[in-house]
Amino acid sequence: MPRGLELLIAQTILQGFDAQYGRFLEVTSGAQQRFEQADWHAVQQAMKNRIHLYDHHVGLVVEQLRCITNGQSTDAAFLLRVKEHYTRLLPDYPRFEIAESFFNSVYCRLFDHRSLTPERLFIFSSQPERRFRTIPRPLAKDFHPDHGWESLLMRVISDLPLRLRWQNKSRDIHYIIRHLTETLGTDNLAESHLQVANELFYRNKAAWLVGKLITPSGTLPFLLPIHQTDDGELFIDTCLTTTAEASIVFGFARSYFMVYAPLPAALVEWLREILPGKTTAELYMAIGCQKHAKTESYREYLVYLQGCNEQFIEAPGIRGMVMLVFTLPGFDRVFKVIKDRFAPQKEMSAAHVRACYQLVKEHDRVGRMADTQEFENFVLEKRHISPALMELLLQEAAEKITDLGEQIVIRHLYIERRMVPLNIWLEQVEGQQLRDAIEEYGNAIRQLAAANIFPGDMLFKNFGVTRHGRVVFYDYDEICYMTEVNFRDIPPPRYPEDELASEPWYSVSPGDVFPEEFRHWLCADPRIGPLFEEMHADLFRADYWRALQNRIREGHVEDVYAYRRRQRFSVRYGEMLF
């Protein structure tokens, strides 16, 4: 290779990332217009398009590099020099951290995810931790109650870029003040002030004002979801001021926000204070930088592994028929490998399973489906693997494993947030906790269905419980669109003997689902059955599901709330007039 080519390649990769992030910001900047036009289908399509941008631009850069090198192979020394040149381009680059991830992605695409060593990749960042450039303008603006909180909130709302009319601005302001007074007390509220992000956070059918409520005793989140009435008028649906509520809003089971962030590292740092339980990976994920979030997630895994004496074990719960799931006992993630062969009743291919996981990545997860990161050629030290798990891996996924002596390489796996399997949770709880879990499960099914997702296998073992008590779906191999399912009533038996027969007395075609049958496996436990019948009996009726299908086919997009119905102002305070 001619000398000087290394710098050209490094510059080409960085220019490719510039193009990718420019398009990322372009799609993001259209969020306000889509919201104001109430074009919810465009919102969903923009979300998918933005997810695809990264891989598309990686592919473009790879083709450019193959042209530059005339398809010639490159030796290790050449690649190291390319990385050295690339590193020298980063000290004055504003998005250095994601640029490093982009370099990694290009390298992996060029070399088929092989030879992934720290010398060749940015396994850890080359730049000082939390290094920032001069920010062209502040990320947030401070508002002080010099003339009272009503005046302060009027200024906050008047500062918003939204061009639609407000349904009743005074009412919403008084709702917020009432909530803040109940939360802080009059005296503390008088001594508090707000810091509000300059950019709105758009997701689904809401525009979120994200801020910090700075009180004498500390800083709290200040989140206002702004919605539209059917007449296109704006209203504030609630005010959230706890870290637990904020954590759910920015949760791993939700779609990524669209927030204009030319300097994502600075925004992530600003968010840390109100989301103390979120890792760096989770914060990048929340603002849509999902590929860099994957890098940060891998770094978090490596740091944990270096500091623990644990071995990987099979994850607790009922063993799956499609996926082999393992974890580190103290780590908050699970690792999922597609088995070489599935149980006989699972008539599907590995390609189908991967397509289901990609569907979830691109779809609106409505807070009810866990996000995943996909890895290829994942290296594990044998000393970190328990003997029982090693035996299981070789038994169930040998075709995906390469033995390197002291290491194994798993050709493909997913990493996902670890949760308590719902079936285990239900065995351990009683009283109100049991009731809450059943309510959550039914709500999860309803919200998934309203978002055009049918889980397929609705057994409790396929759902998990988060640390906030939310029920989230995580087994995707039978997932499909609601509109692909034929929901049927079971025909009445022709003769009394029909009900005793081993075979059904009616025909069953692929895609047929009989909701009446759900009762058999969801209500078998006498502690659970009465609760289910009380709260979710309509899930056992085919007409309920068909009505949802009709709404979806008519183009209706349901509202998705990242908080309980009882937290909505309209429920808490009613239509109070001001």
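Cβ atoms here come from the backbone N, Cα and C positions, even for glycine.
Positions annotated as ATP binding site by Swiss-Prot, on the basis of sequence analysis: ALA315, PRO316, GLY317, ILE318, ARG319, GLY320, MET321, LYS336. The local packing around PRO316 (ATP binding site), expressed as other Cβ atoms within 10 Å of its Cβ over all shown chains, amounts to 13.
Taken from Swiss-Prot, the feature active site covers ASP371, and the record attributes it to a curator's inference. The Cβ of ASP371 (active site) lies under 8 Å from the Cβ of PHE252, ALA253, MET285, GLN290, VAL360, LYS361, ARG365, GLU416, ARG417, each on the same chain and at least six residues away in sequence. Under the three-state DSSP scheme, ASP371 (active site) falls in the coil class.
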Which of ARG319, LYS336, all binding-site residues, has a Cβ with the fewest other Cβ atoms inside 10 Å: ARG319
Greatest inter-residue Cα distance in Å for the ATP-binding set ALA315, PRO316, GLY317, ILE318, ARG319, GLY320, MET321, LYS336: 15
Among GLY317, GLY320, which are binding-site residues, the residue with the most C-beta atoms within 10 angstroms of its C-beta: GLY320
Site with most surrounding Cβ atoms, counting all protein chains shown within 10 Å, from the binding-site residues ALA315, ILE318, MET321: ALA315
